[in-house]
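What follows is one structure encoded as structure tokens, with my remarks underneath.
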Amino acid sequence: MNPLSSTLLFSLLLLLTLRIQELIEACSCAPAHPQQQICDSALVIRAKISSEKVIAPSEDPLHTHKMIRYEIKQIKMFKGFEKLKDVQYVFTPFDSSLCGVKLEANNKKQYLLTGQILDDGKVLIHLCNYIEPWDDLTLSQKKSLNQRYQMGCGCKISTCYTVPCSITTPNECLWTDWLIERKLYGHQAKHYACIKRSDGTCSWYRGGPASEKEFLDITEP
């Protein structure tokens, strides 16, 4: 092998190695219906971002990586009352590879923030949480935040990627956006909640206007 070929081969191997490393280090989140993300979160609030500050590990011994501390103005709390009354700061990893979240700190844009509450009372958010600009939420999603989503936290939401796709337990709802629209966060994610009935079974509840679309597992409670 001549020197030029050796150099080209080495360069290709180096690029491949770096690409594999990027994939290994990249943030990866399993698909989840917004309701499931709300149920899995300890805290759910509506807030504005006032400012941001990068916190080095040396400034906080509890953090091993550089963090961003967002100062927020809480507008409304939907979940987390038993642990916190008013949230002033939320923390997220600085690096996107560690699932860090980048938010607009202009004190204008409002967000729906969900996250976890650490033992020391700090709130941690990351890309696998349900974090959306408030204006991007549908009316049905906004109404569901008050109680409807949490009424279905005992239900199981299963994602359908292929057919056949059927219910395996009575407390299960089938999430079929991918089958119908070829995208996960489609009409069903934006307008429906999986609610537990008095007999213990679960079914989709449509919180907004009637839709022309039909799902595999939809009945009104």
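Using N, Cα and C of the backbone, Cβ positions are placed for all residues, glycine too.
Curation does not apply to TrEMBL; its annotations are automatic.
Noted in TrEMBL for the protein shown:
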BINDING   Cys27  Zn(2+) binding site
DISULFID  Cys27-Cys99  disulfide bond
DISULFID  Cys29-Cys128  disulfide bond
DISULFID  Cys39-Cys153  disulfide bond
DISULFID  Cys155-Cys202  disulfide bond
DISULFID  Cys160-Cys165  disulfide bond
DISULFID  Cys173-Cys194  disulfide bond
DOMAIN    27-153  domain 'NTR'
SIGNAL    1-26  signal peptide
Using C-alpha atoms, which one of the disulfide-bonded residues Cys29, Cys39, Cys128 comes nearest to Cys160 (disulfide bond)? Cys29
Go ahead and report the DSSP secondary structure tallies for the domain 'NTR' (27-153): helix first, then strand, then coil. 29 helix, 43 strand, 55 coil
Given the model, what does the mean pLDDT over the domain 'NTR' (27-153) come out as? 94
Cβ atoms near Cys155 (disulfide bond) (within 10 Å, other residues, all chains): 24
Fewest other CB within 10 angstroms, which one of the disulfide-bonded residues Cys99, Cys153, Cys173, Cys202? Cys153
CA-CA, which of the recorded positions Cys27, Cys29, Cys153, Cys202 lies nearest Cys173 (disulfide bond)? Cys202
Smallest Cα-Cα separation from Cys165 (disulfide bond) among the recorded positions Cys27, Cys128, Cys202 is shown by Cys202
Taking only the CA atoms, the spacing between Cys194 (disulfide bond) and Cys29 (disulfide bond), expressed in whole angstrom, is 21
Taking every protein chain shown into account, which of the disulfide-bonded residues Cys39, Cys194 has the largest tally of Cβ atoms within 10 Å of its Cβ? Cys194
Can you tell which of the recorded positions Cys27, Cys29, Cys39, Cys99, Cys128 lies nearest to Cys155 (disulfide bond) in space, using Cα positions? Cys39
Which residues in the same chain, at least 6 apart in sequence, have a Cβ under 8 Å from the Cβ of Cys29 (disulfide bond)? Cys99, Leu127, Cys128
Given the recorded positions Cys27, Cys160, which one is most crowded in terms of C-beta atoms within 10 angstroms? Cys160
Cβ-Cβ neighbours of Cys128 (disulfide bond) (radius 10 Å): 17
